[in-house]
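Heads up: the structure comes next, in structure tokens.
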Amino acid sequence: GVPIIGEVTATNMSYHASIEKTGDKTGLDGVLNFPLYYTAQAAFCHTFFPKATGNLTFLGARMIEQGSEGLYANIDTLGNFIDNHDVDRLYHICKGDVSRMLNAITWTMLSKGTPIIYYGTEDGRVHEQRESMWNYNYTHGRGWHWLQQMNKLRKEFNLRTASQRVLPFVNHAKLAISRGDDNEVWIYLNNMESGDEVVRYCSNLPQRPNPDKVWTNYLSGQPAAYDGDGCLRSRNNIPLILVQRKVEDILDGEVTEWDRGVDLPTPKPHGLEDVYKHLG
């Protein structure tokens, strides 16, 4: 049959988990991940939710709780989302801050579960929750390209059912996640305001790479940068995603279009300046 994901708006994880079918017990294949939705939105966008406002450490703790053995039958079928048609769009919730939006979207796409992106979120829409989409140049925007890369990453490393380690920081503004039994993908998130400030991750560092490989920024193709203190260094606060590549496959240079003002290598639309909108 066709798997069904249901809507259960509860934040109590025990009750929320009980809706999934287990063994001989009837239930749904999965449910929308409301317990983490409320926490993630507050953590990334600094809106109010108890204990979660601006607190990625608390989000990490909730993710660890959700993944604990015996609670959920299957967290791969939980629908992860960061906005939906019943609430303000992500752009409004994050007050237009591009970095916070990208971090929230990356969490949605790469954390364990089934990612759900509400149409228009990739286009940076602000006002209407249910407006038509056909009149927008929605395959050329920055957000669209970002989601395209996240989908490629999920496919290349089979993240659909890959295992997950959640690694909170003492600093509430940062969160690390690794995916795969061999920790093949490392995701570093933060909830800082957009800017060109260097972000340092001094704990929860990736393991030594395999022979003849280096840890590489998935989006830029450049090797991971470490400072004199051994801290992982990101030149700005967009998400940092590391994978292992062969030495001969890495790219030279320090600044790419992915980093420069969060501008992605995307062609400008033709003749749609009056209706074209994009993330950022």
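The backbone N, Cα and C atoms fix where each Cβ goes, and this holds for glycine too.
Automatic, uncurated: that is what TrEMBL annotation is.
What TrEMBL lists as domain 'Glycosyl hydrolase family 13 catalytic' is 5-129. On the 0 to 100 pLDDT scale, the model's mean across the domain 'Glycosyl hydrolase family 13 catalytic' (5-129) is 93.
Residue counts for the domain 'Glycosyl hydrolase family 13 catalytic' (5-129) under DSSP, helix first, then strand, then coil, are 52 helix, 13 strand, 60 coil.
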